[in-house]
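Peer 1: This is the feature table in Swiss-Prot:
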| type | residues | note |
| --- | --- | --- |
| TRANSMEM | 10-26 | transmembrane segment |
| DOMAIN | 34-143 | domain 'Thioredoxin' |
| DISULFID | CYS64-CYS67 | disulfide bond |
Amino acid sequence: MTPAKIRNALLAVVAIALSAAVYLGFQTQTQGISLEAQAQRAIPLATALDNGRPTLVEFYADWCTSCQAMAPDLAELKKNYGGSVNFAMLNVDNNKWLPEVLRYRVDGIPHFVYLDDTGTAIAESIGEQPLRVLEQNITALVAHEPIPYANVTGQTSVVENRTIEADPTSPRSHGNPRPS
């Protein structure tokens, strides 16, 4: 074998090894913090509204890139504040949550609604929020203080404006009512 062929073979092996390492790294990173996994472990909204603790309601969708980007930060917040704050997650693609989508006027996601310990909405923020902002808001929520970053808007994934067809179980209706 010539030196050029040896070099090319080594480069090919290194490229394959690096590609595999990067792929496995991303798979490992996202498995523990996926939106689906967090949603399955989230407090049901009915429980959150009745247990006397303040609540952060997150409206999300699995396809929402902003929601996916925030998943690690929210997992950290849930770990640190889960004993004093309910974390409820409502998927906008599930028509079950249509009343809540309409009540809180969700038209972009992620959409966060801060509820006091009586279940009253006291603030909201829409779009990607830095961990520091979310943490300060949650700290204020627990302390019964004004939410410092209320009504802040960051980058969002738009909830598509679609009408509800005759079959209300359509997963892509996004809860928008049929125009009159």
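Each Cβ is built from the backbone N, Cα and C atoms, and glycine gets one as well.
Situate these features within the shown structure.
Peer 2: DSSP assignment over the domain 'Thioredoxin' (34-143) gives 51 helix, 25 strand, 34 coil.
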Peer 1: Calculate the per-residue pLDDT averaged over the domain 'Thioredoxin' (34-143) and state the result as an integer.
Peer 2: 95
Peer 1: What number of additional C-beta atoms lies within 10 angstroms of the C-beta atom of CYS64 (disulfide bond)?
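Peer 2: By my count, 23.
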